[in-house]
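The structure under discussion appears below in the form of structure tokens.
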Amino acid sequence: MKRLAKGALVLMTMSSMVWLSACGSESKATTTGTAAELGTLDPANPTKVTFYSYSLAYPTMKAGMEQLIKEFNDTVGKEKGVVVEGVADSTMQQYKADISAGKEVDVVQHTFSTLDSSRLSLGFKAYDDIFPKDELDEHLKGISSNALELGKIDGKMYGLAFTFSTPIVFINGKLFEDAGLDPSKPPKTWDEIKADSLQIKSKTGKDGFGLAPNNGWVTEGLILSNGGQVLAKDRKSADFGSDASIAAISMWKDLYHNGGSAPGSDAELMEQFMAGNLGMYVSSTSLHSGMKKASEAGGWKLYGAALPQFGDTPSVPVNSGSVLAVRPSDPVKTAAVWEFVKFVTGDRGYTIITSQIGYLPLRTELADDPNGLKDFVEQNPLYRINLDQLTRIQPVAIWPGDNATEMAKVFTDAIVKSVMADDDVKSTLTAAQNEINGMMP
Amino acid sequence: MSQSLDNTIAPSLSRGSIIVRRRLSAKKLRRFKPYLYLLPAVALLSIWMYRPLLYTFYLAFQKWSMVPGTSPVFVGFDNFEHLFHNKSFIDSIGNTIFYTVGLLPFSILIPMILAVVTDRMESKSKNFYRAMFFIPMILAPVSVSAIWRWLFHPSNGLVNYLLVKLHLIKEPIAYFSDPSFAKWIILLITGWKMIGFSTIMFSAALTGINREYYEAASQDGAGSFRQFVHITIPLLSPMIIFMLTMSILFSSQWTFAYIDMLTTGGPYGSSTNIYYEMYRFAFSSLNVGLSSAAALLFFVVFGVIALGLNMLSRKFAFYDN
């Protein structure tokens with residue numbers, strides 16, 4: 001007994017040391033060179049490209065993303081000699097861990113808010129530096145210029161807009177009708193949202209509206225729509241403690257605390273909406289294919305509305321989604337990566353991304369192209385709302401410097417606390433703003 | 001003569017030197033042997049434990065993103081300074097204490113009662129119950145999290161459904177998004193998994209107690225409660241202190257999986273702990289220096305606690321040898 005206890009103690013101390021030491025385990029150092037020009041691809045000896053994608057890890061997006069990769073491998077890839085291997089990365093941590101471990105990470109489906117930090121610390125390269133200028137200019141023709149601006153830092157393109165959407169209000173037609181509302185005339189302002197939400201709740205007993213405090217990006221649209229901003233124009237300080245921002249968040253807090261907004265995390269609200277138990281849910285159109293299937297299975301009709309506005313001022317949505325960030329290690333890899341980037345952000349790529357997943361076609365003319373997405377958009381009028389919003393869109397905040405991830409977390413935490421807890425909105429936001437400003441480079 | 005003398009002496013001398021040498025090398029080998037046996041263990045420990053441990057201490061004073069091709073930069077005590085200005089890290093200390101203390105009933109009190117109660121049962125039902133208690137321990141944390149998430153779902157979950165039906169609450173509760181519930185649910189799930197393991201440990205310790213003590217005590221008129229207090233508890237004391245040590249030192253590690261899968265530390269850092277923050281610093285913010293600084297502090301604090309518990313064990317554990 002004594003021996004058992006003592007032995008176990010020793011074992012325990014050792015294993016805790018092992019765990020602690022794991023934090024400091026050294027990784028092999030390999031240097032990634034910069035390629036100035038494209039190498040030559042050989043179809044007989046294909047070049048492997050790894051593509052880390054969070055869409056591959058989500059049930060609603062997986063099939064579309066897999067089709068995109070497969071079609072590339074079967075057509076352009078086969079012809080030119082490139083094989084793309086998709087790596088599902090649900091938490092967007094895998095690519096960081098693999099880069100740290102010295103693995104080849106060539107293309108990453110990267111979110112906007114932490115792009116600057118990755119550029120500085122993970123060796124992502126600017127498109128302008130590694131791809132031929134004439135080919136790049138030719139390829140970018142036809143892509144919405146608003147979208148192209150989003151992946152630029154200090155004048156250079158570190159990410160090409162890839163999957164892209166704006167927030168819309170998904171509407172459960174049946175719950176609307178049960179509450180005596182008309183889903184084809186959806187609410188436009190936040191006041192109307194509150195009134196309709198409470199009406200749905202009192203008539204049907206189910207929650208009327210849902211916007212998760214931890215959603216992470218719709219929040220920014222809310223602040224911008226009321227005339228506030230998240231990050232100062234020069235990206236040198238946080239600026240979400242202004243009166244306009246405080247008023248926007250206070251409106252949301254009122255909605256939340258007076259039964260107008262269902263409690264729960266973003267994932268929980270999505271499940272609630274898909275189960276037919278939520279009247280309205282604000283989220284990205286990338287969920288469209290999943291929502292549509294859920295509505296068909298549940299026997300109700302899916303409607304949509306634009307991001308609600310404050311009073312008469314049109315709302316200012318921010319984009320959700322991702323860019324393609326690249327870090328090829330040699331000229332041949334660069335050529336292979338370039339082929340993949342061209343395919344997935346070309347006409348065929350966006351046709352698959354929009355029709356199979358639900359993101360916006362960044363080549364907007366595809367929506368009117370009979371060979372592209374004309375039929376699809378006519379059958380799914382929700383996309384018109386999204387395309388209309390594209391004209392008013394503003395970029396999501398790209399937090400500057402090494403501490404971007406921490407800054408994004410402090411911002412989200414402050415919003416969640418302001419909306420959910422009884423704490424004062426002004427003091428919570430101001431404290432978070434000061435904390436972030438203390439972390440600025 | 002001299003020739004023959006030389007000849008006779010010389011060979012014996014050389015034979016002798018061989019024997020002496022052999023004896024010497026055998027002696028050396030004998031001395032060397034224990035170290036030879038120790039070598040594999042020492043090598044493994046050095047490579048997999050002490051070198052990385054020392055490396056962690058080194059990294060605590062560097063700034064580094066772990067990206068190949070970049071090298072650490074010495075920053076002195078900067079990482080420690082940032083750590084104590086980091087609000088989420090400060091908050092995580094309170095939560096770590098909450099989980100450590102909160103887990104004690106699940107690792108000691110409840111399992112001890114379950115072990116004693118099942119100990120008196122007949123063999124078949126004893127094994128059945130102990131297997132029931134142990135099953136949660138061998139379930140994968142991911143599936144466990146998924147099941148608990150469904151149970152506590154704000155709109156579709158069974159728990160809210162029952163509570164609303166029984167009129168105990170008016171509105172469904174979003175347990176994982178509510179700071180007053182999130183960490184309690186994490187504690188409950190970790191505790192629920194922990195009970196099985198502790199029950200088995202206490203049951204094993206109980207089988208080692210000599211039955212004659214109980215017979216003697218009952219002949220003297222001691223009831224089952226007095227037997228429990230005066231015989232069972234003192235004789236279980238080594239196991240109690242062992243489980244206490246395990247529970248205190250490992251509570252942060254055991255809660256980690258559920259924090260990561262159910263709340264990711266939220267809402268606004270109200271359910272995170274030091275382990276999770278260390279993980280976030282290293283693999284989300286890619287700041288290995290900050291993470292190592294936190295690991296170093298954790299090592300020192302928990303090292304002191306472990307030494308204290310070791311002393312406690314020497315003082316209070318009673319061994320029936």
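Every residue, even glycine, has its Cβ placed from backbone N, Cα and C.
TrEMBL labels come from automatic prediction, so no person has curated them.
What TrEMBL lists as domain 'ABC transmembrane type-1' is B:93-309.
Look at TrEMBL and you will find B:35-61 (among others) tagged as transmembrane segment. Here the transmembrane segment (B:35-61) has long-range neighbours at 72, 74-77, 79-80, 288-289, 292-293, 295-296, 299, meaning same-chain residues at least 6 beyond its ends whose C-beta is under 8 angstroms from one of its own.
Feature annotation from TrEMBL assigns transmembrane segment to B:97-117 (among others).
Feature annotation from TrEMBL assigns transmembrane segment to B:129-151 (among others).
What TrEMBL records for B:184-207 (among others) is transmembrane segment.
What TrEMBL records for B:228-250 (among others) is transmembrane segment.
The transmembrane segment annotation in TrEMBL covers B:288-309 (among others).
Panel annotation: around the transmembrane segment (B:129-151), residues 111, 114, 118, 121, 157-159, 176, 185, 189, 192-197, 199-200, 203, 257-258, 261-262 of the same chain, lying at least six beyond its termini, place a Cβ under 8 Å from a Cβ of the stretch.
For the transmembrane segment (B:184-207), the list of distant contacts is 98-99, 102-103, 105-108, 110-112, 114-116, 118-119, 130, 133-137, 139, 141, 144-145, 148, 152, 175-176, 232, 236, 238-239, 242-243, 247, 251, 254-255, 258-259, 262-263, 271: same-chain residues at least six beyond its ends, Cβ to Cβ under 8 Å. Counting only same-chain residues 6+ beyond the ends of the transmembrane segment (B:97-117), those with a CB under 8 A from a CB of the stretch are 129, 133, 183, 186-187, 190-192, 194-195, 198-199, 201-203, 205-206, 228, 232, 236, 240, 243-244, 246-248, 251-252, 254-255, 273.
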